[in-house]
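Features reported for this protein in TrEMBL:
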BINDING   A30, N31, V32, G33, S34, G35, K36, T37  ATP binding site
DOMAIN    9-318  domain 'UvrD-like helicase ATP-binding'
DOMAIN    314-618  domain 'UvrD-like helicase C-terminal'
REGION    248-268  region 'Disordered'
REGION    458-481  region 'Disordered'
REGION    716-744  region 'Disordered'
Amino acid sequence: MTEGNIRQIQLNEYQRAAVLDDSPACVVNANVGSGKTTVLIEKILYLHLERHVPLEQMIVLTFTNKAADEITERLLRREPGIRPEQVEGFGTFHSVALRLLKNRLPVENAGWTKEFTVMDPDEETDLALDIIAGQGLKVKYKNRLKKRMEQEYQAYLSGKTESRYKDDLFRLYPLLLEEKKRQNKMSFADLLRVASELLSDGKTEEEHREASPESGKSWRPAWIIVDEVQDSDSLQLEFLAALRDFGRTETPGKGGREKPGGENAPENHTFSGVKLFAVGDPNQVIYSWRGTGENMFFRLKHRFAARELSLPVNYRSDVSILEAANRFMQFGEKIRGSRQETGRIVVKNHYDPFQEAEYLADRIRSLHEDGEAYSGIAVFYRLQRQAEVLTKVFERQGIPFELSVKRTLKDIPVLEWLLKVLRFSVNSADIQSAVNVLTDPRYGGKCTKKKALEIVRGDGRNKGKDSRETEKGGRKESGPEKLFRRMREFPEYFAGRTESPSAEELFAYFGLREALHPASEGYAGDEHAVMDFLKKMCGVCSGGGAAEAGGNEARQTQYAEQKDFAERIREFVNSSALYGMKTDAGEKAADGEDMLPPGRGSDTADRVKLMTLHASKGLEFNVVFMIGVNQGLIPLRCRSFEQEEEERRLFFVGITRAKRTLELSWYTNPGEPGAFGEPGRYLQMIPQHLMEREDIRSHEERHGNLRRMRREVQEQIRKKRDGENIGDAGAERKGTDTGQAADERKKVIHVRHKKYGNGVLISEDEMNVEVEFPGYGRKKFLKAFSEVEWI
């Protein structure tokens, strides 16, 4: 195979070797910025176009939906004729497992039906708490139950009989599993575990097809391609092994699968089953808190006896950044640079975060005036709360920005409630969601839990009767009963209907006007949020948007088929559980860009990106400012050697996002608990000749901003007092007493905010105001920034 056959543009020798490799298993140690995604794309195209491997027989696994979208989009740019159904096996681990369970595997054998829904981690935790209370289990540290259940689950599966704290946690697991089956719901972990079990059950492909005839034509993966494999956890590793076992050929005359490379295999054995190609960087393991271990890259290599290749050449950063980054590498050979730029790394000292934010606003504006796009600039920090000062200053200074915070529907109470309505509507076994809908204190019937359970459980006794009447002589059904009936009848009502209804029709069908309580103060905001959500959901489900709440238009497999509307809503609900719904947390979000499925937002908008170091992984920017490089902040104070090593890798990830310009800064007065007013030790590890240090500013400069802010606050206090004195004097002139004046001041005060709209003042003091906004809840603002205006 010649170079021209595999690529339209140049590949280096390391990339070419990875693309052409035909080993049964191969892991590629891809240094940062080495063209990892390019290699994945070229590998897929080479296998498809040159080796004639159908895309349908490839499983391409990523750890983020954004990465899956990027791969499919780049494939489509190279080969526009690729059809959505060909890339059904492309996606995150959980989304691919979900599709296999829905379309390929006999999930009924495991105790669920094809109509199961996916529950988010909080929902699973709430269900577990209900079981603990109902069964009288003794489980310690219930405030950390979600984390405990994740951490100890593998120990439970391995056969241990007692939990770490010697309580009833291990009794909880089987009870929780049975309840999930009863309610026809799976957690994220269940998707991988059940799919792995069904793939590894020893049945042949034909037996699987007979057990699940609706899966259609035969299917067996030929290649498994994995991105960012270093981020995998034990469940994902087992899923890979199960996929690989499922794809192996049958041993003639035995009905069992071959075991390539086994201890008794001959040296000339040729592997004809599924092949594994994985790419990752062990120097970028930064998610140990969610189950990833720093040795996963090497565990995979050992488990599958994989050949190891490397991509050592970096095409992103200039040489000074790479020389600094090499000081923080823990595995593999040093990064080699391809660029010749040799700019120095700037190290600055600011007095405090407020002064730094003012400096950054000025510096970013200057860069933009010199021709740098705002979208080419990023500010990284260690803790999310560090963004608060930045957002306030940038908004006041007119710097467009995007705050990288994963907001979900849980941040908008009415939409969180609506999603539960939809969940029960497409899964009538989901009693948990039905009860939550009916007992919500803000929306729906506002029932007690006892009353809600009577309605839900009584439904089974009333089947076969007119659901609009009870057993007691035709009594008109109550509001909660009507809402419950509408949810239960949803699949039947929309059965056979392939076109998507309008948002107005759905709003009327569920009786949402009454459920949102039109007399309530926040009704207008709630109605707007619900209608906006329904319009976008109906657009997605009609094929006008992404195939999944987590996909792009290239993956509209489910919606291209003529499924009825209820089934498409079920898929939408599952995707929203897997990926959440994208809502832009930036103070400068453009109108109409919130509540979109991931992959359809304004990723190309010209705005400065503000994000944590963890969120920066996989991205690149021309200019990077990393703030708060103080001892105790970057790095954080660590309890173990493993945590310290991960902090070091996190710093490595951060500095290697920069292409041309990297600026690091630390504070004299950090204002963060546990952080010291001294530079972090990582700054001492960077060679001095690579850095350009700037001295601390003058005493007057350091304290000028604080004095200005203090004056602004004092002026606000003076105006408030003057207003109160005038109000009191006026009250006396009118012959009213002080109590009457106080009553006047307690009247509802309406205010306006640029982002959140109109709201009601809840409280205020010398420094802050607290406002409640419909659809967003209560927010606090500093008076000095004048973020709200009285109306």
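Backbone N, Cα and C define each Cβ position, glycine as well.
Its own atom aside, the Cβ of G35 (ATP binding site) has 22 Cβ atoms within 10 angstroms in the protein chains shown. In the structure shown, across all protein chains, N31 is the one of the binding-site residues N31, T37 with the greatest number of other Cβ atoms within 10 Å.
When Cβ atoms from all protein chains are considered, those within 10 Å of K36 (ATP binding site) total 21, not counting its own. Taking the centroid of the Cβ atoms of A30, N31, V32, G33, S34, G35, K36, T37 as the ATP site, the other same-chain residues with Cβ within 8 Å of it are V39, D281, L311, N314, Y315. For G33 (ATP binding site), the same-chain residues that are 6 or more apart in sequence and have a Cβ closer than 8 Å to its Cβ are N314, Y315, R316, S317, I335, E620, T656. There are 23 other CB atoms within 10 A of the CB of V32 (ATP binding site), with all protein chains counted.
Counting every protein chain shown, 25 other Cβ atoms lie within 10 Å of the Cβ of S34 (ATP binding site).
Model confidence over the domain 'UvrD-like helicase ATP-binding' (9-318) is summarised by a mean pLDDT of 86. Reduced to three states, the DSSP call for G35 (ATP binding site) is coil. When secondary structure is read from DSSP and collapsed to three states, A30 (ATP binding site) falls in the strand class.
Packing around A30 (ATP binding site) is summarised by its Cβ count: 30 other Cβ atoms lie within 10 angstroms of its Cβ, all protein chains included.
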